[in-house]
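Peer 1: Feature table excerpt (TrEMBL):
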- B:20-261: domain 'MacB-like periplasmic core' (DOMAIN)
- B:21-44: transmembrane segment (TRANSMEM)
- B:311-336: transmembrane segment (TRANSMEM)
- B:314-430: domain 'ABC3 transporter permease C-terminal' (DOMAIN)
- B:356-382: transmembrane segment (TRANSMEM)
- B:402-426: transmembrane segment (TRANSMEM)
Amino acid sequence: MSELKPIFNALCRSKVGAILLLLQIAITTAIVSNSAFIISEKIAYLEQDTGYPEQDIFTFEVMSFGENIDYMRQAELDETAIRQMPGVIDAVTVNSVPLSGGGSSSSFRLVPAGQKGKGVQASIFEADSHFINTFGIKILEGRNFTEAEVSVVEEYSQYPSVGLITKAMADELFPDGDALGKTLYHGDLPMQIIGITDVMKGPWLQSERRDRSAILPFVFAQKLTLFSVRTEPEQRAQVMQQIEQYMLNLENKRVIEGLKGLDDVKADYVAPDRLTMRMLLVMIVVLTLITALGIFGLTLFNISKRTKQIGTRRALGARKSDIIRYFVIENAMISMLGLIVGSGAAVMMAQQLMKHYSLSQMPLFYVLFTAVGVLLISLLAVVGPAKRAANISPSIATRTI
Amino acid sequence: MFLHYIDLSWRSFKRTPLVSLLMVLAIAIGIGVTMTSLSIHHMMSKDPIPQKSAVLHHLQLQTMDEGQSYFSKDDLPFQVTYQDAMNIQNANLPYLRSAMYKSGFSVHLNSPEQKPFVEEVRLSSRDIFAMFDLKFIYGGTWTQQQQDDIAPVAVISKSINDKLFKGENSIGKSFYLDDIRVQVVGVIEDWITPVKYYDTNNGSFDDPEKIFIPLSLGITNEVHTWGNTNGWKNEQDDTFKDLLVSENLWLQFWVQLNNEQEKQEFGQYIMSYMKQQQSLGRFNREELDYNLFNVTEFMDYRGVVKHDNKIMVTLSFMFLAVCIANILSLLLAKFLRRAPEIGVRRALGASKRQVFYQHLVEVSLLGLFGGVLGIVFAQIGLWGVRVSHGAYDALANMDVTMLMAAPVIAITACIVAGLYPAWVVCRTTPAIYLKSQ
Amino acid sequence: MLTMNNINKIYQTDMVQTHALRDFNLQVDEGEFIAVTGPSGSGKTTFLNIAGMLEPFTAGQYILDGVDVGGLNDNQRADLRNQKIGFIFQGFNLIPDLNLFENIEVPLRYRGIKAAERKRRVEQRLEQVGLASRAKHLPQQLSGGQQQRVAIARALAGEPRFLLADEPTGNLDSLMARQVMELLEQINREGATIVMVTHDPELARRAPRNIQVVDGQLADFTLYQGNPAKVVGV
């Protein structure tokens with residue numbers, strides 16, 4: 001430890017190189033820790049459990065244009081036909097596809113509109129009783145709809161008065177866990193809770209409402225219909241390949257569009273976030289390389305500036321290991337200072353990001369983790385040049401030029 | 001002298017190729033990263049229609065009752081009701097204007113040769129083409145008469161014309177939107193804009209529509225919007241007819257106001273319109289309020305540039321700062337090693353200023369190389385962005401401004417990095433280095 | 001103290017082979033003060049480097065204070081340098097980032113001496129060279145003569161028995177040179193063996209024993225006993 005003081009004193013007397021290195025390490029720490037935090041947030045977001053067997057589900061839309069199509073009959077016909085296809089487990093028409101970014105939502109309250117009472121925003125899925133099976137959702141309490149409860153209509157009348165809700169939504173509205181059988185209101189319409197489902201994400205993944213969904217036994221037959229189909233594992237590609245022709249064979253006055261696996265639906269929806277994550281990842285890697293390069297270069301610069309001094313030290317009895325230790329300690333000192341400054345900057349940057357860009361609070365261990373990483377890289381980068389310095393011949397000391 | 005300095009710089013590169021290459025690489029990587037995020041930011045935020053952005057105005061009306069709130073920052077709804085849209089559209093006003101909304105149809109020729117396909121369609125007034133500078137290849141917009149008579153007419157863009165009619169002059173020919181048979185009255189160039197500024201409700205970076213029909217035609221055929229419908233009032237809205245008289249908000253409204261006076265007059269008209277509607281029992285509130293933003297104001301209001309992107313730009317400039325610090329240290333090493341040579345030059349009569357200048361020329365040249373290589377890196381980065389995210393196809397590109405900006409930023413960065421080393425070198429007293437030779 | 005038997009040193013570059021020392025033989029006894037002279041390029045510096053173990057030699061035998069240097073590894077040589085040899089360089093070679101105190105402390109640190117003892121010794125040496133009041137100064141704040149006195153203090157700090165001086169007065173004016181020389185003579189009287197490389201005949205004459213290196217060989221050596229007339233040429 002007694003070596004630290006003179007190294008530190010020497011550092012204070014030749015500042016520029018040290019300050020540059022310090023600055024670089026500080027900025028790197030600030031950027032990397034914040035980026036790492038954003039990346040981990042994005043990864044958590046991208047990898048969140050949706051509650052669906054995404055690999056086995058696909059979806060498509062059917063756009064009819066025939067003048068005399070009975071949409072109600074056609075919807076039933078199509079569903080039944082698809083369910084009979086080999087490899088298909090179940091199929092359903094639904095008002096919106098989960099994870100797609102498009103759907104409908106409403107406020108569900110404990111009391112009818114106009115009265116004061118607790119309420120939450122939730123996504124609404126409208127489908128028949130096959131919804132649960134098609135999306136592979138588990139019912140934790142209560143039951144699925146019966147066929148009789150499903151209203152298939154062409155006008156918005158006869159809106160159903162029963163529904164299933166997710167556990168997250170039930171817990172929020174009924175903290176005592178007695179949601180089953182209670183009645184909720186969206187607008188003036190009552191909805192009795194007949195079942196509570198396990199995790200199933202709604203059409204939007206960002207907001208709180210992603211975990212709150214209500215499923216209502218309602219099929220609104222119209223010219224644009226969304227279908228979701230679950231197949232046996234490994235059979236999806238084959239079914240997807242046949243589906244367009246199959247549908248057109250049933251009725252050809254229509255267009256089959258947007259044929260996509262549920263995993264791709266999700267991938268498209270989260271594409272901007274994935275992009276940000278990738279860009280940040282590339283940035284971190286390149287930045288770390290550049291910083292390592294910079295440390296390497298600066299140490300080489302320091303060494304070439306001090307060739308004579310190193311020779312003199314060797315002549316005065318320094319072992320090679322003493323020289324290596326000198327540079328490593330010097331570097332560690334600068335790095336430490338840089339890390340302290342950088343950690344401060346990182347926290348400040350995180351606060352700014354939080355203030356301006358609605359990010360959540362960065363846990364401090366990101367800074368700590370980054371600091372340790374940067375220190376390691378910094379030390380790795382200095383070992384090479386330090387070894388080179390140790391190999392400087394002591395006879396340099398007697399050379400006059 | 002300048003050319004001589006360039007010559008000296010070039011020799012200096014050749015003398016230490018590795019260090020020079022490292023410096024060029026460092027600046028190029030910095031520029032590559034910075035330009036990638038900056039280009040996207042630039043494309044997102046740049047004025048999509050510079051010749052008209054100041055005169056095109058987007059109308060928002062505060063139709064909601066006192067105490068109702070909306071998810072905009074000033075509580076004003078983004079869209080307007082059908083009643084208001086039609087009242088203002090049909091008022092006796094001299095301004096080009098259009099209520100509009102987006103829907104979609106199966107497009108086909110009712111023949112087996114052309115496979116039907118789904119296409120988004122914009123329903124608007126005939127003024128939309130003049131307002132948004134859409135160029136006609138064949139024909140023109142539908143007439144006021146056709147609009148009033150609810151004639152089944154359409155304007156299609158070039159790519160639809162290529163698909164349906166093999167690019168021929170298709171004026172007078174017919175095609176189907178679902179089961180509506182419409183006649184082509186005009187063919188326009190494809191509407192290309194990096195930002196879909198005129199309707200940001202369902203994705204600011206979606207592609208513009210390629211088929212346009214009169215709004216009146218859509219209403220008569222009960223064509224529902226494919227965009228957002230926001231309701232705040234508890235009212236009957238089961239049928240399309242209910243929708244038309246409801247307070248549901250689902251149309252966009254744009255008006256062209258060529259100068260401040262027109263803007264004021266239109267504003268006065270809107271105020272008096274709202275007062276008149278109040279007497280009919282609508283606009284139940286103390287303060288009447290409306291927004292009339294031009295294109296750039298509106299893009300800012302709607303927050304077209306994503307937060308993520310702003311973060312990326314900030315981070316990439318910090319990244320560039322690290323690259324600059326790197327180059328600074330490498331330059332310091334390189335220049336100081338050359339101090340004896342500079343000692344000789346100074347002894348031979350070079351002034352401090354000349355030595356300083358010589359080194360700045362050298363770092364600028366470095367910046368130029370780095371900038372050019374940086375453009376290559378940025379292109380790779382942008383390619384990665386386009387592969388990663390389909391919607392960024394039009395955005396992840398460098399326009400001329402950005403291509404020019406890259407070397408400018410690179411050279412500036414290098415000069416910033418080079419100032420201190422150049423100053424250190426030019427300050428060296430000639431004697432010190434001559435003695436030790 | 002120092003015995004060199006048939007030392008050879010060959011510098012090998014891509015094109016040329018330079019025989020810097022050939023069959024070099026020298027015996028230095030405890031307490032001697034030897035001046036080494038010779039024309040430029042004769043091998044003086046090479047001799048000094050090998051004597052100080054700054055460079056390995058190609059062939060021959062070198063015994064320093066009973067230790068056969070040829071068989072030592074790098075660390076052992078470093079330790080031996082540190083304990084037995086004090087260096088005084090022509091260019092002083094003070095470390096510019098360290099102040100006088102810290103400069104003198106350098107060899108003591110490498111020997112692992114405790115802080116209190118280091119302080120005592122450094123202060124004693126600073127006293128000896130008359131720079132005690134300047135302990136906190138940086139080298140560039142001193143004149144050339146003062147710097148060389150610091151360098152001598154540093155060489156002496158480890159109490160070496162063998163002092164190697166390379167043109168110790170080369171960068172100094174004659175007054176300062178004389179002061180430095182007097183300091184060396186005093187050190188020699190206190191018991192240290194000194195080998196001094198110089199090209200200044202006046203300085204050389206003050207040393208009790210002179211040797212001359214020509215073309216990598218010990219051409220001649222003469223013992224001066226205060227009689228400059230007896231200089232023998234090649």
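Yeah, the Cβs are placed from backbone N, Cα and C, and that goes for glycine too.
Note that the coordinates shown come from a computational prediction; the quantities given were computed from them, not determined experimentally.
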Peer 1: Which listed range (B:311-336, B:356-382, B:402-426) shows the maximal number of Cβ pairs under 8 Å with respect to the transmembrane segment (B:21-44)?
Peer 2: B:356-382
Peer 1: Same chain only, please: residues at least 6 beyond the ends of the transmembrane segment (B:311-336) with a C-beta under 8 Å from a C-beta of the stretch. Say none if there are none.
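Peer 2: Same-chain contacts beyond the ends: 12, 16, 19, 22-23, 26-27, 29-31, 33-34, 36-38, 40-41, 359, 363, 366, 409, 413-414, 416-418, 420-422, 424-425.
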Peer 1: Under 8 Å between C-beta atoms and at least six residues away from its ends: which parts of the chain pack against the transmembrane segment (B:402-426)?
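Peer 2: Apart from its flanks, the transmembrane segment (B:402-426) reaches 27-28, 30-31, 34-35, 38-39, 42, 320, 323-325, 327-328, 331-332, 334-336, 338-339, 342, 352-353, 355-356, 359-360, 362-364, 366-368, 370-372, 374-375, 378.
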Peer 1: Which whole-number mean pLDDT does the model give the domain 'MacB-like periplasmic core' (B:20-261)?
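Peer 2: On average, pLDDT over the domain 'MacB-like periplasmic core' (B:20-261) sits at 92.
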